[in-house]
Amino acid sequence: VYSTLEEEKQLGQEGIVDLDEPKKMTREDWRKKKELEEQRKLGNAPAEVDEEGKDINPHIPQYIASVPWYIDPSKRPTLKHQRPQEEKQQQYSAIGEWYKRGVQDQSVSTKFRKGACENCGAMTHKKKDCLERPRKVGAKFSGTGIAPDEHQQIQLDLDYDGKRDRWNGYDPDEHMRIVEEYTKVDLAKRTLKAQKLQEELATGKLMDQTEREHNSEDEDEDKYADDIDMPGQNFDSKRRITVRNLRIREDIAKYLRNLDPNSAYYDPKTRAMRGNPYSNTGKVPEEVGYAGDNFARYTGDTISMAQTQLFAWEAYERGSDVHLQADPTKLELLHQSFKVKKEDFKETQKQSILERYGGQEHLDAPPRELLLAQTEDYMEYSRHGAVIKGQEKAVARSKYEEDVLLNNHTCIWGSYWKDGFWGYKCCHSVVKQSYCTGDAGKKTGVSAAYSILLKFMHQEKMKEKKKKNKKHKKKDADSSDEEDESKKKEKLKKALTAEDQRLKHVAEIMQLDERKRPYNSLMEVREPTEEEMEAFRMKRTRPDDPMASFLSQ
């Protein structure tokens, strides 16, 4: 029995799979294993290597990296099962694989072979797929002119990048053949030039240096754009060349005209600057050398040219065979005649409307400014009569009356502020609708403001005292309230009668002429009481009130 156990251990050590569970590790082995894992996580120990020789991240959990014991306990920890499996990967064609071109290099057959094309005799296709011209007598019956076999093309399976590769199937040897051809041509040119120079030396007729350089430039195929008069207009097919956006060296680049980053935007792709680069400098666009592409585009005859082009399109839609580039003279004459006819038609239409409905006198009337002999437009003139400022925008007016001065005041109410009170700036009076006292009122205005303030403070103190006295009194509260209400009603009645008298007095004064009105010095200026304010509110007419018309009844 002991020998059999030893044999099984040796077989397990050699790598033979057995389904026995792994033995339980001792406490010391477990502690060493954990310390090694910690050192690997800290980077102090080298990482564990899988069966393919790749490092395993120490932070990967054990249940992901280790192989289950019931599958293969002899295997080391690995991540192969986490990577794409080779048997499931789709195999694509290599980068060097491509369709073969031409025909096979083997010897051409001289006899017709069974199964070959009946037309040309090639074995790689049938008669219906043959691309050669149909022969009068096919190769099957003539036995001559047997075409060589084409290559058996492979089936390419390209990936995403291979299908979109623009150099797919390109042969680098083809470029080397072109380079060799050009080197041979250049070498032939040099030999011819050397022979020609030897002939000139032998005959003794040497050309001038400038003439020789000129001939060499003519022979050269690379032409410079500066030697061509009109780029893109040379109709010699051998020398045709198109040059875009040429400029002389003295021209300033658009992006160098104003180095301010907030100036006009320059598009480097189209080399366009539509805005004015000098817009922030205060320069007039007409005076600068360059004011943007749009400025050059919408000045001069550009607008009339665009109008002519628009007229050509409209005329072509209505059946007139005109074109701006093909026959500009005809189009210009047609446009001028159209303008004249259009003006005549408008004039006749206007005359017919006037003859039918009348109203000629309204058209012949002078301007409104001359009729009223005045205008609200602000104008400034110089000594010579030239307009300095004019046609400025009128100031917006409010729906309320502004700058209304009452009672000899030279400033409006609210132009003065002192200690929380509004007043008149001309006399420092803080009582509204008071008569202006001028500089004399300024000297006493401060004391008046303080007196009003003290009056308010005294009234508040009196009210507080009354409240305290009411608390200390042991009278009946109902009787006192009734007495207060009766007193208030009596005061209100007196205030209403006084308000009626005041309104009648005001109405009588307003009917009189301004020069006959009595002098009012307002000597008895005082603060209105609560009853007078209530009477004023009750008697005041409100224009927005729908029942205002019934108050007088």
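Placed from the backbone N, Cα and C atoms, the Cβ positions cover glycine too.
What TrEMBL says about a protein is an automatic prediction, not a curated fact.
Record note: among 320-358, 515-553, 515-553 is the stretch given as region 'Disordered' by TrEMBL. Under DSSP, residues within the compositional bias 'Basic and acidic residues' (524-545) fall into helix, strand and coil as 10 helix, 0 strand, 12 coil. Under DSSP, the residues of the compositional bias 'Basic and acidic residues' (20-41) split into helix, strand and coil as follows: 15 helix, 0 strand, 7 coil.
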